[in-house]
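One structure, as structure tokens, below. Some questions next.
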Amino acid sequence: MGEIMEKAVRKKKDICSYTYEELAEEMQAAGEKTFRAKQIYQWLHVKLADSFEEMTNLSKSLREKLDEEYQIAPVELVERQISKADPTEKFLFELEDGNMVESVLMKYDYGNSVCISSQAGCRMGCRFCASTIGGLIRNLKTSEMLRQIYRIQKITGERVSNIVVMGTGEPLDNYDNFVRFIRMVSAPEGLNISQRNITASTCGIVPGILRLAEEGFQITLALSLHAGTQEKRKSLMPVANKYELSEVLAACDTYFEKTGRRITFEYSLVKDVNDTDEDAADLIRIAGHRNCHINLIPVNPVRERSYVRPSRQNALKFQNKLEKNGINVTIRRERGSDIDGACGQLRRRYAAAGKEKADEILRAD
Ligand SMILES: C[S@@+](CC[C@H](N)C(=O)[O-])C[C@H]1O[C@@H](n2cnc3c(N)ncnc32)[C@H](O)[C@@H]1O
Ligand code: SF4
């Protein structure tokens, strides 16, 4: 094979997924001075460079060498929707292979929070979730998780202080890349986001929760509970066929014991499915004696599914029942209702219709 062909075929290394120590080793192996690794890491993870060209304190020849060897994972903006209802923005990004992922920026009094995706698609099959309709396409690389935040900071000029891993995908089904992401985004030489300001949500993969409990993190774990009995949970979430509710709750208890971090239970309220008095009683049995917080999320309608949210009045009634039993509970405030749709919907539209058609649909909306 000729040299030109070889270059074209050779896959470039994913430089944004390297920790600072790994990058330092790479640079040392390439015969570069140690401080170069520091400079490059800063460009990538603090100054949020999108190209080596921008790294103006490196020599032109080093920049060219880096460009030949490495790639800064492409996370290209395809669509930005700005809510008129509240300070929320939704972003659709295209990855190197044409896959699309969604991220959301929510501005609060206490700071800016970004919700990121951890996979392209999801294989968990929860009945009310748009993210799983096309199945799992692939895991996101650590760089692709990080760069959703970096791109949003750069596009909006806003500093991000909080992260929720609650977009498309199951983070514990992409364990290694997810854990690396947590380490890197909270590292002092990177964005340095406090782990206490990071929440990761899981559908309840027991071995993943137990492993995460041993990582020494201070992140909040949110469990997508959605039902107070094993039977009902199974009807909403196929993952419950694999892990019994009692096992999942025991794993959450272990997470709390090891980390001291109170668990959040997420409960998507679906009219006539899990919002009855009996459902509230089941939930009280689980949460009444635990140090936890319950987040009630009136279900977002998904085009392909027929689930309906309860009326505001019924949601409040459900909340009151829990509160009367001393449970710490909130109804999640809806953000970006005019742009949002259910999580994964925007990406679905593009996947189903192709870019041009999706543009039409969005305009028509
Ligand atoms: C999209 S998931 C991603 C994180 C993880 N895979 C999980 O299930 O927890 C984040 C949260 O959104 C919830 N969710 C998914 N589809 C929803 C919908 N249509 N309406 C309300 N919440 C939904 C999930 O149940 C979960 O609690
Ligand atoms: S709710 Fe979470 S685990 Fe379930 S299908 Fe959606 S993204 Fe996957």
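In case you wondered, yes, glycine gets a Cβ from its N, Cα and C as well.
Curation plays no part in TrEMBL annotations; they are all automatic predictions.
Copied straight from TrEMBL:
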ACT_SITE  Glu102  active site, proton acceptor
ACT_SITE  Cys343  active site, S-methylcysteine intermediate
BINDING   Cys122, Cys126, Cys129  [4Fe-4S] cluster binding site
BINDING   Gly169, Glu170, Ser201, Ser224, Leu225, His226, Asn300  S-adenosyl-L-methionine binding site
DOMAIN    108-338  domain 'Radical SAM core'
Taking every protein chain shown into account, which of the binding-site residues Ser224, Asn300 has the largest tally of Cβ atoms within 10 Å of its Cβ?
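Highest number of other Cβ atoms within 10 Å: Ser224.
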Are there any residues at least 6 positions away along the chain from Cys122 ([4Fe-4S] cluster binding site) with a Cβ closer than 8 Å to its Cβ? List them or say none.
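Spatial neighbours, sequence-distant, of Cys122 ([4Fe-4S] cluster binding site): Cys129, Ser131, Thr132, Gly135, Leu136, Thr168, Gly169, Glu170, Asp173.
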Say we define neighbours as other CB atoms within 10 Å of the CB. Which of the binding-site residues Cys129, Gly169 has the fewest?
Cys129
Tell me the Cβ contacts of Ser201 (S-adenosyl-L-methionine binding site) under 8 Å, same chain only and six or more apart in sequence, or just say none.
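Correct list: Val164, Val165, Met166, Pro171, Ala222, Leu223, Ser224, Glu266.
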Over the domain 'Radical SAM core' (108-338), what is the model's mean pLDDT?
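Over the domain 'Radical SAM core' (108-338), the predicted model scores a mean pLDDT of 96.
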How big is the Cα-to-Cα gap, in Å, between Asn300 (S-adenosyl-L-methionine binding site) and Cys126 ([4Fe-4S] cluster binding site)?
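Between the alpha carbons of Asn300 (S-adenosyl-L-methionine binding site) and Cys126 ([4Fe-4S] cluster binding site) there are 13 Å.
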Given the binding-site residues Cys126, Leu225, which one has the fewest other C-beta atoms within 10 angstroms of its C-beta?
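Minimum Cβ neighbour count within 10 Å, taken over the binding-site residues Cys126, Leu225, occurs at Cys126.
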Out of the recorded positions I have (Glu102, Ser201, His226, Asn300), which ones have their Cβ sitting under 6 Å from ligand 2?
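Among Glu102, Ser201, His226, Asn300, near ligand 2: none.
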